[in-house]
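One structure is given here, and the rest of the page talks about it.
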Amino acid sequence: MSQLQVRHDWKREEIEALFALPMNDLLFKAHSIHREVYDPNEVQISRLLSIKTGACPEDCKYCPQSARYDTGLEKERLLAMETVLTEARSAKAAGASRFCMGAAWRNPKDKDMPYLKQMVQEVKALGMETCMTLGMLSAEQANELADAGLDYYNHNLDTSPEYYGDVITTRTYQNRLDTLSHVRASGMKVCSGGIVGMGEKATDRAGLLQQLANLPQHPDSVPINMLVKVAGTPFEKLDDLDPLEFVRTIAVARILMPKSRVRLSAGRENMTDELQAMCFFAGANSIFYGCKLLTTPNPEESDDMGLFRRLGLRPEQGAAATIDDEQAVLAKAAAHQDKASAPFYDAAAL
């Protein structure tokens with residue numbers, strides 16, 4: 001009998017009851033649903049690039065790109081087009097069919113939109129799907145990006161509405177929901193998830209998933225991030241989350257949003273192979289691959305492929321994953337810091 005339910009009216013107590021299930025029961029339920037919709041042995045592969053690093057005016061307490069915290073990160077302007085295209089060609093050669101671009105902004109400026117649209121068009125001309133995360137979007141900006149051919153847009157909710165004020169004060173929860181609404185209305189696909197391990201309670205993890213699952217349409221992709229603690233940020237000394245609670249979050253996300261991609265996102269570099277294996281069984285079916293986070297590297301491509309072989313997993317053919325995570329888009333920023341001579345797009349203000 002099928003356990004799959006596509007609903008948009010989940011109550012908090014229902015979700016908390018799922019979190020409270022014995023682990024074996026929860027994993028059985030999540031994996032059964034996962035198997036109904038997806039090939040459980042295929043994992044979508046994502047490649048991404050930070051196209052503008054640092055100097056963000058927001059105060060997200062987890063983020064080393066905030067200008068408010070001394071994390072040793074050097075700010076950079078928008079990358080030159082040829083630099084972006086070189087990275088995209090490399091990603092395609094490595095097997096990616098979707099290229100993901102992220103900028104550390106509160107929101108893109110209107111004067112940067114022509115350049116961003118050109119970037120979308122030129123990456124698409126390589127035969128790749130495109131995705132971006134640029135901060136908040138107006139309805140007009142979402143329509144412009146959609147008209148340029150952007151396939152996916154990421155904007156995370158981060159946590160529950162109740163805990164949100166302890167994480168961020170410079171934009172509201174409604175700001176985030178409005179951006180998701182603009183993206184969906186434009187015809188682009190929505191990527192939205194959150195970060196766990198930020199000192200939140202279990203009910204906050206349930207609240208985050210409730211918000212995502214009760215959107216008018218489920219996100220096409222749901223990145224679940226484990227906090228990457230970066231020196232200099234307010235969250236650098238938080239206690240580690242019990243890894244099994246992370247697995248529970250993946251499993252409940254799969255149950256609530258059975259047809260969405262559930263992305264095992266930032267924080268994998270600190271996860272054991274055994275923990276990742278449990279996440280794949282619980283319903284995660286996408287990863288970031290070959291990327292480098294600001295402070296620590298993502299698992300090496302060879303390590304990921306070795307893990308795939310040990311688990312009998314294979315990369316999904318013909319579809320690489322999207323950029324759906326503002327924390328994971330911190331990817332590659334550290335690598336760029338060592339390229340002081342790299343060309344930038346001069347017209348864009350920091």
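The backbone N, Cα and C atoms fix where each Cβ goes, glycine too.
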For the [2Fe-2S] cluster site that Swiss-Prot describes with C100, C131, C191, which of these is also annotated: R12, R35, R263, R268?
R263
Suppose you look only at the domain 'Radical SAM core' (41-268); what would the mean pLDDT be?
92
Given the binding-site residues C100, C131, C191, R263, which one's Cα is the least distant from that of C60 ([4Fe-4S] cluster binding site)?
C191
Indicate the candidate from C60, C100, C191 with the smallest number of other Cβ atoms within 10 Å of its Cβ, considering only these binding-site residues.
C60
